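> Please see the structure below; I have some questions.
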Amino acid sequence: VSCLCGSAPCLLCGCCPSSKSSTISRLLFTLFLFLGTLVSIIMITPGVEKELHKLPGFCEGTGLVPGVQTPINCGSFLGHKAVYRMGFAMAAFFFFFAAIMVCVRSSKDPRAAVQNGFWFFKFLLLVGITVGAFYIPDGAFTSVWFYFGVVGSFLFILIQLILLIDFAHSWSQLWLRNAAESNAKGWYAALCIVTFIFYAASIAAIVLLYVYYTKPKGCTEGKVLISINLILCLIVSAVSILPKIQDAQPHSGLLQASLITLYTIFITWSTLANVPTPACNPMLLVRNNTDSAMATQPLTTWWDAPSIVGLVIFILCTLFISIRSSDHPQVNKLMLTEESVAGAGGDAGAMESGLHHAYDNEQDGVAYNYTFFHLCLLLASLYIMMTLTNWSRPDENLQVMVHSWTAVWVKICSSWAGLLLYLWTLVAPLVLLDRDFS
């Protein structure tokens, strides 16, 4: 009991004896998020989804929604209903901690003990919120919560893009530095090979998108969206190797551009998978339980290729947020993550080596912004909720789960925002001459 409720998160001490307390705290909160995601995946599997009928009060489809004359048949979207409520529970859990951790500056604040301890009670709190969420009455909840999920997912996609841009710059700088220090051409060859693979995969994906998501006649929206993103990717790739850009940022190059291009094509693919036009979307998922022919079919299907890739990226990004600080001060300021030397008493060796990592001694200042970290997990919970439900929502009669153009425009706008953000990282040194971008 003392281990579970104490200020030191002992749950992982045996596995990670050398880890810092702040890092373990972030990992444990991330573990709660992954646990909720796992429960959502289990609930949306066909066998478990059918058993949800047996939960008391969970599927009482006899009432009427205000403004809707058709009785609700919640059995037609049981899996989505479970995922939405699980997503609401995780979002409420992280919002609660984001609110109570506002303006925590150091471990001297009593609330820091709540952040880094009492894990057993936190788990009970999450379970209690989850149980309560399943008793939320039917009605406008699913339709309204859909739009909360859309906004949160858009913001989390932007966070993913920021982390990806930072990772791409760090990757390129590391390999170029290794090549310069070792005077070995193998590092340059590796850069060229990886860049070629990324661009080749992007070109192949674009061709497949044109083949499967467009038609010779019609599907104009798909053709326009693919073409716009293709042109934008070509522009950022060309800008990244301009002489002036290379002079201002010697480490910029095609590796970063190729990685951003590949991710943009993935977002485009995910966007087209939500186009609500059956003729232009071979992966369109529309469930209608009122049809007797559908009675023997799985109630919910989420494990299509875009959702699986999105789930993998979600896991990597949340782990990235939990265990790593950026090598770039600008990204640390944007993500509200402090450098380790600030809290380590200004250790000269750490400052000279340029190491950035979470530190255990937070008496002089926290290693990361507690509130912002919880807000990131809140947005991540909304993103995974939308991913597992394929960004679909109930129709006006609450009988069928359908795709809408809302999800399409949110995703495609996030890809444009990401490309513009990467383009700004290239041209910013030329525009803001008084800033240090080294």
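Just so you know, glycine gets a Cβ as well, placed from its N, Cα and C.
Where the annotation comes from TrEMBL, it is an automatic prediction and has not been curated.
Okay, so TrEMBL annotates it like this:
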TRANSMEM  27-48  transmembrane segment
TRANSMEM  86-104  transmembrane segment
TRANSMEM  116-136  transmembrane segment
TRANSMEM  142-165  transmembrane segment
TRANSMEM  186-212  transmembrane segment
TRANSMEM  224-242  transmembrane segment
TRANSMEM  254-275  transmembrane segment
TRANSMEM  305-323  transmembrane segment
TRANSMEM  367-388  transmembrane segment
TRANSMEM  408-433  transmembrane segment
> With a cut-off of 8 Å between Cβ atoms, can you find at least three pairs linking the transmembrane segment (254-275) to the transmembrane segment (186-212)? Only pairs 6 or more residues apart in sequence count.
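Taking Cβ pairs at least 6 residues apart, the transmembrane segment (186-212) and the transmembrane segment (254-275) are in contact, with 3 or more under 8 Å.
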> Pairs of Cβ atoms less than 8 Å apart decide it: which stretch in 116-136, 224-242, 305-323 has the most with the transmembrane segment (142-165)?
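Maximum Cβ contact count belongs to 305-323.
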> Have the transmembrane segment (86-104) and the transmembrane segment (367-388) got at least three CB pairs under 8 Å, pairs 6 or more apart in sequence?
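The answer is yes, given that the two segments have at least 3 Cβ pairs within the 8 Å cut-off.
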> Going through 116-136, 186-212, 224-242, 305-323, 408-433 one by one, which has the most CB pairs that fall under 8 Å from the transmembrane segment (367-388)?
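Looking at each of 116-136, 186-212, 224-242, 305-323, 408-433 in turn, the most contacts to the transmembrane segment (367-388) are made by 305-323.
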> Does the transmembrane segment (27-48) come close to the transmembrane segment (224-242), meaning at least 3 CB pairs under 8 Å for residues 6 or more apart?
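Stretch pair does not touch.
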> Give the one range among 116-136, 186-212, 305-323, 408-433 whose Cβ atoms make the most pairs under 8 Å with those of the transmembrane segment (27-48).
305-323
